Each structure stands twice: as structure tokens, then as C-alpha cells.
């Protein structure tokens, strides 16, 4: 076991080295660069097996915001609150990836229903739908869930990042979805939830802990506690494979084959069912807003240990 | 073993009974009803495990055309002929499911590249790209592959179905894609390939044999022969999960969680990696052009034995 | 002259009679029905020649809100404030009528620029662009313009209608356009302008007075004062013909051939260059949100006196 | 009169000089450059008044193909054959100009009906709809109409241009529209009509003769013969203003204000109702596929003599 961990660590350190040598090629969104702590070189990776062991490499001490990864939280809570039949009256189940020129078009289905809960529209709608009397109560529930998933009971959001999140496009989406009947509540009861959850900060190890719970069908790999119900976790993983990587989801399913969700902070959470949780982080983004280093590292790890859910040897 | 087979058979017979009792609710496309042999009641299912055992129930003696299931053939051949880097210059990797009002829009990406190899445009482009001097040679290669996959060396296409396939929409797509540079050849060298492969006829057992090869990473479960390379099979399964069920792909991934490809004859091929191949057939289609009985039976089978690639117990 | 007026009046009374007899077939938007004074039967028409004579028929004493007709005001003011080169950095010049399923898509061009100043997005952008320190100052300028055009110096907006206008779709469009850089100001400085101008109330005679100024190249037919510059009036008429009637603009140009702008209160302002201003009003709307009675009366008037700008005898 | 003609000629020669001095900035489509006779410098203009007088300047001796200008012919014939109610079951009346990324999308309405008779789809559908037993008979009818309109009874199409027109995009549109039910006939009975009419060659004077008939409400300015019925001419002019200049139609209506139709040969036919027909030609095209010199000359002519149908003094 120790032997295997060493071997894993040595491989992770190797791929981190490769990333550090590779020229930076991507972009960091301005507002992220301003408010977040990470710099271009802050590449890191962490693996947490469902037996609870974690191996990590790179700059693993930094904290970064979850950004779109947090979209998993209100979806999980809304599903546990209302059941899937009710939830999918409010968002579609369609994959992401049919590239259209307009951000808004891209997120809408025929009757203007959000495409799925992983696009901005869908996540805003989920923040409206999940139970909670007001924004503060909803944020408390999301923080409680995020703390259980990461194992860090001090976890919170970064105030500066939260403020930077308050942007016109999401305001527009809120009113558009309320106009279409998919949101019932007030602006003040919904949008702060969306922006605060986006600003929740984690370490790479906390991210791989969270991934491991998803890989472990909702059960914490440390405490053994059922944090999210099995059915809901199955739904999360299905959405992660069909729409977790923005418009690159189809391509990522083909080439990496691991249910994953990325955020514009450059972080990605990835869960191999019944095996392993992975967190990767590298701030430079490609044109799909996914971490360049993150995708490259996940591809190497998937190839190295045959982790694609579509490939041959993963059950061995 | 025998005991388990009996149990499986008894479950399959039960769900076939249920389907027969359920009122017919869907539509059979006119041209399919005219030329195909199947009738509304012809519901059947077959399971082929990767150890080679087959269990089947329902009207398993009928033959039906593969329709869109055959799109897997030119994709597999083009990938083995040219490698994935070359192939994906000609089609995208985007999931299907972003419902738009126009059939043509639905199939096109920003630069008019076919969305993926599972939509009509993409499959026509693959029929152009795969090697073969002319249509006859290409059809021979596809039939050879289909015969190896199904285990029936007499397999061929139904002449009447082939003639009924010759339709204006696909002609339009041929010229549109050639206009955009994604097809090089002549009409006579490409379109008969597309229409003939669509008309290939199989039994439900032949379909589950084919599914089992995909589940078994390209190796025939009877002969042990590698029919499709492992990498290509991985790609097929990834496309099956993200775009195998037309616009219902996202929803099917969520609710059934098995890589699958359907055709308008009412047949579906489904492969659980490392485990099992499934063929289902029921002619009535829902609004997404998928078999109503087929999807319902796959859902029951997936739930019964926890076969979703995203669910808990599938590795056990 | 008197003879001709009588003849006109008699024809107008005839078509009003016909409208009253026709079964009501359209819809009145809920919020309009609630707050506006008009009822289904309130059909009326007024013609003001460029020599200043007015002939009117039907229920001409009622007041109704201008709704989208008011979009002409901030466009005229922005053009006089900044010139057309500057203004058309903020909106396109494309016709309306390419029917798409999404309200938002329908209003957007490739780079998300509003299609033209007659769609909601474009008019909101114009309310932002026109000069004025704050919303009150801008509203004052618009009211001053509307008073000069209608000849009623007491003209103002209906407070109840104004309140009902405050709706999520327009909020969404404000933030979407600000996100895209087409609006610089604050919500409070722009949206009350848009909503208040929409609620300005006129009589049918005031509407035909306004139409006559447009027909008379910007010069008031009573006072002889140049209210809008000639170039700007030419631009207004061009927009009226290509996008004044929502998605029915192309069809209206063909069948009626008069530059016109309609509003969901059921009113339409129409200007025959060098000849005549027309106001029509009939609350029931067709599926394009245009007044059913209004379009029918304009068609009859256009046919009767050959007023189409594309037809033979109009210069005689 | 002679004096005025001299003044007009002198102005036309001045603007031709200006065009010759302006650097060439546009593109000539490859296939046009190959088969057509015109070169970059071949700029010319001709005015034919409804009294029959013609004034022309520039390289007026060259012949060039009509290209999309010929779309007016099958529309006129179909309207005279079947009446407008029947014709508009087959195409929409929507303006062109809502810029979308896909050529096909751009041409389609919600139910896939061609947007209007001036886009390729619509014109192909009109070639199918107009009466005529086969392609030859239809071409004869179109040539007869074109000869009457231009006054040249020897007019015919250029064989080399005709052959170059046979392209995949239009084949695709034929099959797509037949799939959707808007074309009934065979490929051989429709597409040669479309391609041959496109290749009809005229001189600039013949083009302004044709324009003058349209300006003169369908009556030949030389023979006094009614060539196209009044109602149909009114319809043609309405379509020319809303969709005669491809995606630049809205902008052209605003800035020039003359009903016009352009072709990729660089020619434009323009008709000021009750006044004047204009032909302009300059092979370099802007990004909308309209003649750069042609639009600039029309703008100058419109401004010089106040010819915009929306401007003040045109009736004087």
C-alpha cells in the first residue's frame, strides 16, 4: 500500500513538473486575477481514494474559489428537497456543448427553460428552488453541505471574490428566468446565494475529499456518514459527464471519460465511481474556460491508470 | 450459473409481458411501417454476457433494420482507417440534445461542422471519409464488420428498406456538407453506403451479440477475436452516452446510465463496459424517435441489476 | 375641399362600422386590460393632412397609452444629440421579422448588439444614450418632444400604466445590454425613462397630429415649427417601414406600404411622406401584437387612396 | 430638357471618375471573376427616366450577368400565374438582415419556410412554382420577360456563367425545400431554371430600362406596354426595399431609401416609383456581397436629387 502511494506520488510530482515547464498559454479572467490568490504557476493535484488515503503534489497549500463547481450544491439540495420529478420541471437535462454565438441562447432550450442545472441559468434557478427562508438560510445550508463534503468545518466564502461576482449577465439571467416563470422569489433571496457559493474557498485536498464522497456514492470516506443520497449522487455524476466541462463536455467525455465539473478559477473536481476522487487546479484557462493544466493532468491520470468509465480495465 | 440464467430469463419475460399489456402510445414512421416486417406488438429483448451466454425473451425471431444504430460502423472504420485526430477534423464531439426547431440547425456547429458522428450529417461525412474505392467496396467493409459483430456471416441489408431510405433531407445534407468541405467524393460513392448500412437487418440476439463485443472492449465474446480496437471502442461508448439517443441523450444518461445507440426501427443497442451487451426492440417511438418499450425495458434492467455506469454497485 | 373632407369622413365612418361589426378575435394583454381605459370596442381612426386638416371617426374621445410607439422618441433625441454615426455604434439597422422562438434571440444580432432601435433592447439602449443628467431630465425631454408632436402641451404619462410596465423581461434586457457594453448608466437613470414614455397617453387626434409631423418632414402642420430635423425624420420613416410592425413588418410593407409604428395598446401611427398622418386604434391584437382593426383599417385606407409608397398613383 | 440631361450626365461622369480614383477594396467571387467578362475597373451607371430618356456614364458597353437580380423574374411570374395568396404559402414575407452565422439558418423561418422570395431558398421555390412544363419552357418564359423588360429581344444567358453556377449549396437548398414540401417538381425541372436565369447577361442601359419599367408601375417606358401587372410591381418594390440588398437591406433603406436588388456580379437595379430607373455596376463587393461602387453611387444620386422614398422633396 505504502509502495503504491509512493508510486502515485512520484507520478503526480512528475506531471506537476511537466506543467510547470510548459509555457503558460491561457487566460485568467480579469476579475478572478484581481480578487483570487492564485497565480499562473499555482498548479496542484490531489487524489483521495475511497479508502480515505490522499496523495497530493504541487502548490497544495493555496486556497482558491470553487466558482462553477459550486453549482453541484444547490442541485444536490434541490433534489433532496423536492425530488427529481419536481426539480426537472425547472431545468432541462440536455448536455452542454452545442456552441452558439450568444451566451444566452446557449443556455436556453426551446421554451426558454434552462438547458440543464450546470449552466448559469440552471444554477440560478436551483438557488431559487432549494429550500431556505431567505438568502442567509440558503447560504448556511450550502456551507454546511460544502463543509461535510470537504471535511473542513471552517470552510467559508471569500468576501472579495463574492463582491466581484456581482455581474450584469447573471442579473440579466435572473430576471429572464423569473419572467419565464422558473424563479418565484425575490432578487435578494436568490442572487446572493449564487454569488456567495461561487466564492467558497477550498484547498486542493479539500477538493479531492469532496470528489471522493461523490466517487463513494455520497458516503464520506473518513466518517462513513451518508452526506448526499445515492440517487442524487448518481444524478450528479451523470450531469458531470454530459455537461460538467462547459462546451468541452463531449470532447472531455471522449478523451478523459471521468465525470467532472470545472470552475473558472482553474479548478476541476473529478470522481471515478467506486474508486477515487481527484482535484486538479491550474489557473490558465482554454477557450472553453477550462483549466489547461487541469485537463492535461486528468488526461494523463486517466490514461496511466485506465480510469475512463468507458475503458477496459477500470474495474480491475 | 444455470440458476442465474433462469432468474434473468424470468425477469425478462416479466418485463416483456408488461410491455405487451401497456397500451401502444407512440408512432411508427410511415416509411418504416411500409417496408419493415415488424408490427406494433413485436417487443423483444436479449442479453449477452461477456462470457458468451445469451438470454432472450419476447418475439425474438423477427428481423428488423438497424437504422441509426449503423452509424457506429463508418465511425469505427474511419477511426481505424485514419485515427481520431484526422477524423475529428470532419466532425465535432459535441453532445446531442440542445433542442432547436430546425433539423439542419440541430445538426450543425458554429462553423457548420457536423455536431458529432451520431447525427445524420456526421454519419454521412463518415461514410465519405472511411476508406473504400467506391460505394460497393465501402458497403462490403461495413457488412464484414457487421457480420463479425453479430456473429451472422449471412447478414445483409433489406433491399426494400434501402430503397425507402433514399430521401431528400439526406440528399440536402450531403450537398450541404460537401459545400462546406467535409465531403470530398461523389454522391454515388457516398449516399448508397449510408442508405444501405441503415437497411442492414438483424435479430435481437444478433444485436445483443454486437452489444457484447462493445461491452467486451472490441473482443468477440464467442471467438475471442479483436474486431474493433480498444481505443475505438472507448470512443464509441463515449459517443453512445453523450449522443446515442438523439435529443433524449442527456435524460437517458441520467435515468438509465448505459452507453446506447437507438434507431427509428425501434431497436436500441446498449453496452455495459466489462459486463453485458443488451439489445431491445419495440417499434413504437416517442417524440425523440426512441423506442418507448425499449427505453422502459432498459430502465428496468438498469435499476434491477444496478447497471448505470454512474451508480453504486455496478463493479460488484 | 369641404366636399372632400365629407367624403373622407363618410369613408372612415364606414370602416369603423365594419370593425364594430366584426367579431372580436384577438387578445388584449392582461396588464394593458387592467390599467388602460380602453375596451374591446374602442375602435377609432384619425387623419391629419399636412395642410393641418383633421378628420376622425369612431370613439375618438378616449385616451390610450403609446406603448412601443414611444420608441420613436429616444431614437429621435439620440440622433439629434449624437448624430447617426455615433448612434449606430449602439444598435443595428436590421429589419425585424426573422421569427425565432426566443424573445431574446429575436432581438439580438451576431455580436449581441440590439437588432435595431425599434426592438425593446434597442429602445432601452437609446434611453441610455440620449442626453439628460438623470431619468427625470430625460423624461422631461421626451415629454416636451411628445407635446410638440401631438400639439397637446398637457400631455403626460399614466401613473398606473407606468407601474404596470415594470417587468422582468425588460430588466433582463437592461442588464444584458449593459453586460455587452451598450448601456453605460445606472438602472435608475434608464429604466424609468423607458417605462414612463411607454405610458404616455394620447387621443387618436393627437396621434394623427404626431403622424402628420412625420409625414411633413418634421415640421408641425399647425405651427410650422421644425420639431425634428429632416434627416432624423427620414431615418424614422425608414425604420418604420423595415421594423415598425414587429415581426409583421415585411408583410405590412407589402400589403399596406406605409411607414408605421405600432404599440400593444392597439394603436398605430402611420405617415405617408408629403401627404398625410394617420392614427388608428383598436385594442384586440393579432399574434404579432399588432392591432387587428388597426391593420385592417390602414389597409383599406391605403387601397382606397393608393397611399402605398410603392404603388402607382400616390404622387398624383 | 437637353440642359437637364447634360447636367445629369456631367454629374454621373463626375461620380464615375470618383469611383475610378478610389482604391479597389472589395472582393470579386472567384467563380464570377473566372467566367464573367468584367474587371475591377468596369464601373458604370445608367439612368432611364419614365419618359424614356436614358443618360449613362462609365464603361457602359460591357455585358455582365444579372445573378440575384434575376430573382425578381420567377417571383413576378409566379405571382402573375397563381396570385399572391397562393405564392405566400410557399415563401415568407420577412425582411432579410437578421445576421446569423449559418447560411441555411439565415434563409429559414420557424417552420423552415424560406424567409422570402429574395433569398436563394425562396427563389428556388419560385422557380419550382411558376408555370411551365419543364425547365426549357420555364427558361423561355423568363427570357421573354427579361427581353421585354430590357428592350433587347436578343437577350440570353452566358453558357460559361451558367455552368459555373451549378453549386452544392443550391443543390442542398433544393432538396431541403423539397423535403419540407415547398417544391413539388424534379431537380432537372427546377435547378437549370435557377442557374440559367442567374447567368442572363445585360448592358447597364438594359438594366436601367428594366428599372424604369418597375418605376413606371410595370409599363414599358418605350412601348407603353404593360409588362408586369401593377399589383405585382408594387409587391416587387416592397420586397426590394425590405430584402433586396441581402443583409444590408435595413441599412440601405435608411441611407439610400430606394427599392433595389443587387447581384454578386456587382450590379444593382434600383427603381424610384413614378420617376426613374437606375442601373449601377462595379464588380468589387463588400462583406454583404453588394457592389461597393454601386452603393456609393446610388447614395450620391439619392442625396443629389432627394430620391429616397422617405425624404422630403421627392414628389417635387
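Even glycines carry a Cβ here, placed using N, Cα and C.
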Residue in D:10, D:46, D:49, D:68 which TrEMBL records at the substrate site where D:120, D:165, D:170, D:194, D:246, D:264 also bind: D:68
Position of peak Cβ density within 10 Å, selected from the binding-site residues D:194, D:246: D:194
All-chain count of other Cβ atoms within 10 Å of residue D:165 (substrate binding site): 23
Neighbourhood of residue D:68 (substrate binding site), C-beta criterion under 8 angstroms, separation at least six: D:118, D:123, D:198, D:261, D:262, D:263, D:264
Neighbouring C-beta atoms (10 Å sphere around the C-beta of residue D:120 (substrate binding site)): 21
